[in-house]
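Below: one structure, written as structure tokens.
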Amino acid sequence: MRHLLSTKELSRDDAIALLDVAEDMAAVQEREMKKLPTLRGRTVVNLFFEDSTRTRISFEAAAKRLSADVINFSAKGSSVSKGESLKDTAQTLQAMGADGVVIRHHASGAPQTLAMSGWIDAGVVNAGDGTHEHPTQALLDAFTIRRRLHGATSRGRGLDGVHVVIVGDILHSRVARSNVWLLTTLGATVELVAPPTLLPVDTTAWPARVGYDLDASLAGGPDVVMMLRIQAERMHAAFFPNSREYARTWGLDDARFDRLPPTTMVMHPGPMNRGLEIAARAADSPQSTVREQVANGVSVRMAALYLLLSGERGDAA
Ligand code: NCD
């Protein structure tokens, strides 16, 4: 693997191989000494043109636990805010000898542009581009589901027969897109539930069922309910009447949560709008995987950086 740009292009074998390496990384995270020497001497640049807390910190922790040198670059306070282009920024990174670039950008396709441009030799990891994809989030979600279902016997497995319902702001969600591709590649069935205004106009090319009745979808007792954040910062119009109305019709409130089977996992990529798309009781329950998702994110990102940056790029030892 040279770059990790989307899950759409990931084969089942490659996805399972990455999740299996992440299992090894998770085992390292349980040791007292969490660090591996694998990427010593390599430089990873975190290039964040959009705000982020957990994703940036997670990539930083992952790179450091592989002993890479990490440079954090956020567009605010950089020459990007003075109008420097992605190309100029990339050429700066190239001159500094970056081996890996983790990029989050408000424009869908920016990581692809960077990877294919020839401006840099580094391996590129997409950490979220516009409303397009967020592959490491989907990988950590798949990892979390697989671990909850299969525990110590997870290695080598996909998600065959697993029923996942993804709820909410699908329209603006790169997390939903990456999950639709990855989870179905791994054998899961994906159902999207949202108000029509928060679904893309055309989802016929997506390998997912679409529904408009949350209670009907939850009545089926899915294995996983994934609640998405209402991305107000991407909304320049009214997509629903008001917050109370949204929570009542589309939120995982106490009543809906109480009707779920105790085996249904409740997921959320964070940051959560508590009381809007998810009630505190659901978010903090033992069925919630929210904190596991964050912890697993480091293991999955370690796996991605390891697969991209170790080996053939230089001294494999
Ligand atoms: C997601 C993102 O940025 O796409 N968050 C994340 O990576 N933790 C989802 C979101 O912002 O709602």
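Glycine residues also receive a Cβ, built from the backbone N, Cα and C atoms like all the rest.
Same-site candidate for carbamoyl phosphate binding, as annotated by TrEMBL with Arg54, Thr55, His134, Gln137, Gly270, Pro271, chosen from Arg2, Arg12, Arg104, Arg234: Arg104. Largest Cα-to-Cα span within the L-aspartate-binding set Lys82, Arg174, Arg229: 31 Å. Checking the binding-site residues Arg54, Thr55, Arg104 for a CB within less than 6 Å of any atom of ligand 1 leaves Arg54, Thr55, listed in sequence order.
Long-range Cβ proximity for Arg174 (L-aspartate binding site), meaning a same-chain Cβ under 8 A and a gap of 6 or more residues, is found for Ser108, Gly128, Asp129, Gly130, Thr131, His132, Glu133, His134, Gln137. When the C-alpha distances from Arg229 (L-aspartate binding site) to the binding-site residues Arg54, Thr55, Pro271 are tabulated, the minimum falls on Pro271. Note: the carbamoyl phosphate site is recorded as Arg54, Thr55, Arg104, His134, Gln137, Gly270, Pro271; in the same chain, Ser52, Thr53, Ser58, Ala127, Gly128, Val175, Pro269 also have Cβ atoms within 8 Å of that site's Cβ centroid. Here Lys82 (L-aspartate binding site) is positioned 30 angstrom away from Gly270 (carbamoyl phosphate binding site), judged by their C-alpha atoms. Around Lys82 (L-aspartate binding site), no same-chain residue at least 6 positions away in sequence has a Cβ under 8 Å from its Cβ.
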